[in-house]
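A.B. asks: Below is the structure I would like to discuss, written out as structure tokens.
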Amino acid sequence: MLKKQTAGLVLWGAIIFVGWNALLLLFFWTRPAPGRLPSDSALGDDPASLTREVIHLAEDAEAELERQRGLLQQIKEHYALWRQRWRVPTVAPPAWPRVPVTPSPVQIPILVIACDRSTVRRCLDKLLHYRPSAERFPIIVSQDCGHEETAQVIASYGTAVTHIRQPDLSNIAVQPDHRKFQGYYKIARHYRWALGQIFNKFKFPAAVVVEDDLEVAPDFFEYFQATYPLLRTDPSLWCVSAWNDNGKEQMVDSSKPELLYRTDFFPGLGWLLLADLWAELEPKWPKAFWDDWMRRPEQRKGRACIRPEISRTMTFGRKGVSHGQFFDQHLKFIKLNQQFVPFTQLDLSYLQQEAYDRDFLAQVYGAPQLQVEKVRTNDQKELGEVRVQYTSRDSFKAFAKALGVMDDLKSGVPRAGYRGIVTFQFRGRRVHLAPPQTWTGYDPSWN
């Protein structure tokens, strides 16, 4: 009898779904033809018209997918209600304790990666100016490239910093089509050697990695001192970063410098890691493009980083292997926090995975959904916090570009994203660019 009822319910669900799609197909066949798209020449004269058309098409696709999803969800809910009568009650697992974070006196070195920028002085001056303790935060400058002027600048700090030099300055044998990427190969070699010195030779339990073209915020050390215990105790975390990829002035809430997030995207640009992580990564360290390698699923393993609302580092180095394009287009606009936040006196337990997932997802999916064009034109300002939904790679990229956030993806993960959600400020209100609540994971083919 039970099998007959189950089969009947599934059959009726299938009939409803097929019938709905048949009606939908009939609707599309019989509705009046839409107006013609603008000609290529017209679009060329009016780029804004093309943007509106792309957004309109993406929103139409989103709306149709949402209707289909709603019908399937109704079928699932009715089936679940029926099955619930036959389900044996289960005991919920015990909740994790919410333990307030306390500051740790552990010694955390600042590893400065240097090469041929004599402007490393600007980086070191700020680090030394804001450093609360030379004993707790020793500064170790690892220099590659053999650039003598840079070496003299580092040496001028005497015992205030420790100067180590990467000994292998030879070119690296690469494939002919990768000769133009020689710089990226040398950077990966330098990182491997420098991190090996920190963890294998000096035996530090953790380190903050800083490039020589970064300027730090007044609470840079406070931030890492407070988040270190979280990183050490929460296995779902693998780094703490000082960087917000969408941290431009107009895209952050300047009134909340204390705000921190979890992110699935590895940000770099001033980041804390543990010795245990280096022991995991060192045997398979890549020959080049180490940061994108870190963002692959095989390395990330579902783990997250902590990142701030307002960046605690700012890059001033236009010169580099990327020839300045990314700096001119994006990096130079990132806001550096100037207000000291006493993070070690705050309860940061809300960043632990169980609490964060519960509260953050409730906040995002409790926010009213608004079409991207209405967000762009600042309609319904009274809503304050809103959600813009995407369901495909193309709709994410279209909506991200329309709202001014970074639209690139690494192994399916958006910059600053957590569970597919990118949170930012737009024209004074909080916006969450988010997938449906039924999101189950990243698609690595979204690149």
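Every residue gets a Cβ built from N, Cα and C, even glycine.
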A.B. asks: Pick from C115, C123: which one does Swiss-Prot say forms the disulfide with C145?
C.D. replies: C115
A.B. asks: If you have Swiss-Prot open, could you say which of C123, C305 makes the disulfide with C239?
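C.D. replies: Cross-referencing Swiss-Prot, the cysteine bonded to C239 turns out to be C305.
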A.B. asks: Could you tell me the C-alpha distance between H190 (substrate binding site) and C115 (disulfide bond) in angstrom, no decimals?
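C.D. replies: That comes out at 9 Å between the alpha carbons.
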A.B. asks: For C115 (disulfide bond), what is the secondary structure state per DSSP, taken as helix, strand or coil?
C.D. replies: coil
A.B. asks: Since the record lists C115, C145, C239, C305 as disulfide-bonded residues, which of them has the fewest other Cβ atoms within 10 Å of its Cβ?
C.D. replies: C145
A.B. asks: About how far apart, in whole Å, are the alpha carbons (Cα) of C305 (disulfide bond) and D213 (Mn(2+) binding site)?
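C.D. replies: Each residue's Cα considered, C305 (disulfide bond) and D213 (Mn(2+) binding site) end up 22 Å apart.
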A.B. asks: Measuring CB to CB from D212 (substrate binding site), give everything in the same chain under 8 Å that is also at least six residues away in sequence.
C.D. replies: V112, I113, A114, C115, R117, T119, V120, C123, V141, G317
A.B. asks: Just counting, how many other CB atoms are there within 10 A of the CB of D144 (substrate binding site)?
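C.D. replies: D144 (substrate binding site): 22 neighbouring Cβ atoms within 10 Å.
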